[in-house]
Amino acid sequence: MSAAAGRIHAGRGLAADTALWTGAGIVALAAHLGAAAWLLSEPPVIAADAAPPAAIMIDLAELPEAVRTEMNEISPDQETSELVTPAEEQQAPEEVPPQEMAEPEPEPVEPEPVAEPAETDMEDVVEAEPQTAVPLPLARPRPPEPPKEVAKRPDRPKPPVKQRQQSQAPTPQRVEAQAQVTESARNAARQNASGVSSASPARWQSRLMAHLERRKRYPPGAKSRGETGIVYVRFSLDETGNVLSVSLARSSGFPELDSEVLSLVRRASPVPAPPPGAQRTITAPVRFNTR
């Protein structure tokens with residue numbers, strides 16, 4: 001009986017191991033099938049230059065065979081126990097080797113042909129380009145300065161036209177005052193002339209010549225050419241010393257010097273008034289020298 005019980009216990013252990021290995025194979029197979037299904041559901045990655053990926057091979061480990069213990073010696077008790085062995089122990093389940101699932105190879109995607117750039121002769125292009133002159137940037141004109149505001153003075157009210165005409169019209173009082181001023185000026189000039197000339201005619205002539213000498217001008221052209229000489233000029237005076245007429249009495253031989261003497265007499269008028277009874281037509285010498 002003990003041998004039969006050991007055989008029964010060994011058969012149960014073998015069945016448990018077989019069931020365990022079978023379940024593990026089924027779980028592994030389901031995991032691989034799930035992974036293969038997930039990979040198939042992903043869109044394939046298109047690579048232009050890459051080769052198609054290699055197929056993935058899955059190797060599953062074979063289930064270990066149950067070790068059969070052969071009994072060399074069988075007792076009569078064991079023969080009777082063989083009749084009592086359940087049908088499950090007599091018919092051991094056949095081991096089904098898992099089939100390898102080969103993943104389908106993805107179809108190779110042909111890369112799109114890249115358009116080759118048209119070959120152009122760069123030398124011809126460079127020669128064909130016309131040389132254009134680059135215009136220089138023009139200087140920007142400066143913005144005009146804002147005009148300065150000048151404070152305008154308020155315009156004074158203009159007087160009426162009638163008042164202006166009245167103010168401009170000479171009044172009798174004003175005309176009489178102007179006449180008195182003119183008469184007094186004449187009297188003063190006469191008194192001065194009589195006082196100056198009362199000394200002597202000779203003194204008056206010396207003062208006359210000094211008066212002309214102070215206003216004499218040497219022409220620059222005649223001076224640069226070295227022209228010298230004496231010009232005699234004749235002129236007439238009135239009683240107050242105003243020049244009435246002038247003429248050339250004797251020439252120096254140089255027209256520029258002669259012209260300067262005539263201008264001198266006209267420019268010097270009025271001259272000191274002649275004394276009473278003195279001759280009013282005078283001939284005076286005017287000398288030009290480079291000293």
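Positions of Cβ are set from backbone N, Cα and C atoms, glycine also.
Looking up the ranges 220-243, 268-291 in TrEMBL, the one annotated as region 'Disordered' turns out to be 268-291. Per-residue pLDDT, averaged along the domain 'TonB C-terminal' (203-291), amounts to 91 for this model.
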